[in-house]
Amino acid sequence: MESVSSRGGDPVVKPSMEVWHFQIAVYFAFGFFFLRLVLDRYVFQRIALWLLSTGSAPIKLNDAATRAKIVKCKESLWKLLYYAACDFFVLQVIYHEPWARDIKLYFHGWPNQELKLSIKLYYMCQCGFYVYGVAALLAWETRRKDFAVMMSHHVITIILLSYSYLTSFFRIGAIILALHDASDVFMETAKIFKYSEKEFGASVCFALFAVSWLLLRLIYFPFWIIRATSIELLDYLDMTSAEGTLMYYSFNTMLLMLLVFHIYWWYLICAMIVRLLKNRGKVGEDIRSDSEDDDD
């Protein structure tokens with residue numbers, strides 16, 4: 001692909017999106033698989049054992065419940081590392097971009113917006129992670145009661161990522177991804193505190209998670225992001241053509257489906273909040289407990 005330099009010095013990829021670009025996402029997916037294997041064995045296992053051993057009771061490695069908790073702790077360590085790293089990266093990339101703070105600029109210049117190489121790699125990384133995530137849900141991670149919902153979420157996210165990239169909606173796509181990862185950082189941190197029986201840390205992080213979910217996914221996402229795709233986008237699409245109409249309704253339908261998932265999980269979060277208040281600040285079991293009814 002041909003590239004040029006932007007004023008900020010970051011290479012800019014000309015917006016000639018092609019399907020073969022997603023080979024990079026496939027490479028990322030395989031890379032995540034092998035990286036997870038290495039980290040699980042040599043890093044996360046040791047961290048999980050250390051975290052669980054600092055709890056109130058001595059750790060029993062021959063206990064099935066303890067082994068299950070170690071597996072879940074490693075899952076959360078992996079996800080925390082990924083979400084925190086990705087969010088830090090994309091925030092660094094878009095911090096100085098004027099369109100990051102003005103919804104009227106999300107589509108300004110579309111479809112001939114410049115695609116920085118950093119945003120392209122970020123997109124392919126995220127797409128690869130969710131491709132890996134589908135495989136991990138099927139064959140690796142703890143099977144939880146919301147498996148079908150989570151699988152549907154991952155599939156829709158992959159389709160939305162691919163669609164927004166191929167249609168050059170990558171500005172608003174990067175914002176959406178950053179919003180989602182921010183909440184997940186707090187969620188995985190709260191889980192790690194819970195597994196290590198640090199109730200105060202778990203309660204604080206869960207509260208931050210709930211607030212961030214409400215603000216980012218239930219307020220900012222529908223009233224800023226979906227508003228932009230529903231109203232601002234109309235200034236750039238030819239709604240008299242079949243292509244423009246299909247593009248408009250396809251993109252917004254997928255975003256609304258994500259919002260439905262957000263509302264569903266907010267219901268579960270509210271149930272957790274009720275438990276937390278009843279337990280006087282102690283975070284209870286995750287409503288999304290796994291199929292074997294182990295504590296999450």
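The backbone N, Cα and C atoms fix where each Cβ goes, and this holds for glycine too.
Feature annotation from Swiss-Prot assigns domain 'TLC' to 71-278; the stated evidence is sequence analysis.
Annotation source Swiss-Prot lists phosphoserine at Ser289 (among others), citing a large-scale study or a structure entry.
Positions annotated as phosphoserine by Swiss-Prot, on the basis of a large-scale study or a structure entry: Ser291 (among others).
The transmembrane segment annotation in Swiss-Prot covers 19-39 (among others) and is backed by sequence analysis. Within the same chain, residues 1, 77-78, 81-82, 120-121, 124-125, 127-129, 131-132, 135-136, 162, 165-166 sit at least 6 positions outside the transmembrane segment (19-39) and bring their C-beta atoms closer than 8 Å to a C-beta of that stretch.
The transmembrane segment annotation in Swiss-Prot covers 80-100 (among others).
What Swiss-Prot lists as transmembrane segment is 121-141 (among others), and the listing cites sequence analysis.
Sequence-distant contacts of the transmembrane segment (158-178), counting only residues of its own chain at least 6 positions beyond either end whose CB sits under 8 Å from a CB of the stretch, comprise 15, 17, 19, 21-22, 86-87, 90-91, 93-94, 97, 99-100, 105-107, 110-113, 115, 119-120, 122-123, 126-127, 130-131, 134, 221, 225, 228-229, 247, 250-251, 254-255, 258. Residues annotated as transmembrane segment in Swiss-Prot: 158-178 (among others).
What Swiss-Prot lists as transmembrane segment is 206-226 (among others), and the listing cites sequence analysis.
Residues annotated as transmembrane segment in Swiss-Prot: 254-274 (among others).
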Task: the transmembrane segment (206-226) vs the transmembrane segment (121-141): 3 or more CB pairs under 8 Å - done: no
Open item on the list: I need to check the long-range neighbours of the transmembrane segment (254-274): which residues 6 or more away from its ends have a CB within less than 8 Å of a CB in the stretch?
Closed with: 146, 149, 152-153, 156-157, 159-160, 163, 176, 206, 209-210, 213-214, 217-218, 221-222, 225-226, 229, 283-284, 286-288
